[in-house]
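Student: Submitted below is the structure of interest, expressed as structure tokens.
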Amino acid sequence: MDLQEKSAITKSEIDRGAVASVAGGDTIAAVSSGSGGAVAVIRLSGPQAGRALEALAGRRPEPRRAHLARLRHPASGEVLDQGLALWFPGPRSATGEDMAELQIHGGRAVVAAVLGAVLAVPGLRPAEAGEFTRRAFLNGRMDLTQAEGLADLIGAETQAQRRLAFAHAFGHLGQRVEDWRRRLIRAMALVEAGIDFADEDDVPAGARALARPEVEALSLELETALADRRGAMVREGALIAIAGLPNAGKSSLINALAQRDVAIVSDEPGTTRDLLEVALDLGGHKVTLVDTAGLREATSKVEAEGIRRARARVAQADLILWVHDLSAGPVLKVCPSIEAQAPLWLVANKIDRAAGEPSYAASWAAQVRAVSATSGEGLAELTRAIGSFISARAEGEHPALIRARHRASAAEADAHLALALTQWETLDDELLAEELRLAARALGRMTGAIGVEDLLDVVFREFCIGK
Ligand SMILES: Nc1nc2c(ncn2[C@@H]2O[C@H](COP(=O)(O)OP(=O)(O)OP(=O)(O)O)[C@@H](O)[C@H]2O)c(=O)[nH]1
Ligand SMILES: [K+]
Ligand SMILES: [Mg+2]
């Protein structure tokens, strides 16, 4: 079985897509810089980019070097601005096509005049949103996960999001997925060897047996990646549940962390009934804080429902802050009875009212944070600790599956592997190879190596014009 041949098939699938989409050879142009700056950047990509540059700047400068140029309207000859002209011949450009860049003064009239002059050159048209990146993908300059990483990088709101997006934009996830796919294709080739050499007695059983440990290892890696919430934590924000007994000060804590009055506070136990969620940037990290009903024997049907919801949401959290009222007693010995996988920190609240040093059972010692939700004492330390917790979680050896699209592909691939593994001994070689092929296909869709025409609009719609 020729592995080269297999990947050649998928490569030609990409090429066919590329030809279909870029055919016609339009040259596109757009303002690629944000509005309002002193300098604006106009980018051009396509076969006429060099000619357009000559038409405006008078000549095609040396590749990849900035040249000062007077920019003139190609028809009237009027000087529109003076700026820097750059020439990036394909295929070693960002889009893989011939590209040109004009760095001009950022004034609205200047930008409109120069862009108008560029578009007056025959064969040029305005770029659509994400079209530069789309061409880069279609010309094999980046895979889909990199394109998505780039969109995330541009949209990053927090530093943690920026770091993760950067890793994806520069191909870390794509490389990992391609590695999975290559290993899967190798395993599939082994199984197919059984089909091709069915008459030679010793080959089939042997080749199949060789493939199995690889498929098991792949399935395990996919499941680990799927179970890993790091990506979701950074992209959607860590879910932090605030739980505790009634009147511990949970709502006061959420108000203090959010720095506004989001929850009702009162000295009446059982004030909070429903879940209350606030999304915020906590020291550079996107988080969702959830205030919950105090956990106790409910006194009414409404409270019982609130407590049921509180328990359910706490079970989904990435981190649980168990708020304890220090003024009610300095020592907390008993671990609260909640079912959750996430780490649970003890937040000892109301230190302003605690007599003497608070003390805790030894099992708590490592994760106790003493605060006062009303005076603000200890809150900066708590915020910092939450930040470190999220950083430590989010930054691991392998970049995680951050998008629903990535998770869906990985889950689909894993479902086929699981089916193959459970029926390994009974399935025909053909059927077994087919399951592996479907798994490889699902992974290929993640990077865009195969069958993604229908996905492109969805992925590139996220970009703005000029990107
Ligand atoms: N002195 C002091 N009082 C506090 C502190 N935090 C909360 N309180 C008071 O404790 C009482 C209960 O506060 P809440 O924030 O409503 O407590 P909760 O845990 O949300 O209560 P439930 O929603 O009823 O479960 C209120 O009277 C608050 O003003 C604190 O750090 N110091
Ligand atoms: K209360
Ligand atoms: Mg409350």
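Every residue gets a Cβ built from N, Cα and C, even glycine.
Pulled these features from TrEMBL for this protein:
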- Arg43, Glu101, Arg141, Lys467: (6S)-5-formyl-5,6,7,8-tetrahydrofolate binding site (BINDING)
- 247-252, 266-272, 291-294: GTP binding site (BINDING)
- Ser251, Thr272: Mg(2+) binding site (BINDING)
- 237-391: domain 'TrmE-type G' (DOMAIN)
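Let's see these features in context: how buried, what's close, how far.
Tutor: Long-range Cβ neighbours of Arg43 ((6S)-5-formyl-5,6,7,8-tetrahydrofolate binding site) (same chain, at least 6 residues apart, Cβ-Cβ under 8 Å): Ala29, Ala30, Ser32, Met99, Ala100, Glu101, Ala127, Phe132, Gly466.
Non-local contacts of Thr272 (GTP binding site) by the CB criterion (under 8 A, 6+ apart in sequence, same chain) comprise Lys250, Ser251, Ala263, Ile264, Asp291, Thr292, Ala293, Gly294, Gly306.
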Student: Measuring Cα to Cα, how many Å separate Pro269 (GTP binding site) from Arg141 ((6S)-5-formyl-5,6,7,8-tetrahydrofolate binding site)?
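Tutor: Here the two Cα atoms lie 60 Å apart.
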Student: How far is it from Ser266 (GTP binding site) to Arg141 ((6S)-5-formyl-5,6,7,8-tetrahydrofolate binding site), counting Cα to Cα, in Å?
Tutor: 59
Student: What does DSSP say about Ser266 (GTP binding site): helix, strand or coil?
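Tutor: SS state of Ser266 (GTP binding site) = coil.
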Student: On a count of neighbouring CB atoms within 10 A, which of the binding-site residues Arg141, Lys250, Lys467 is highest?
Tutor: Lys250
Student: Taking the residues the record says bind (6S)-5-formyl-5,6,7,8-tetrahydrofolate (Arg43, Glu101, Arg141, Lys467), how far apart in Å are the two Cα atoms that sit farthest from each other?
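Tutor: Per the listed residues, the maximum Cα distance equals 18 Å.
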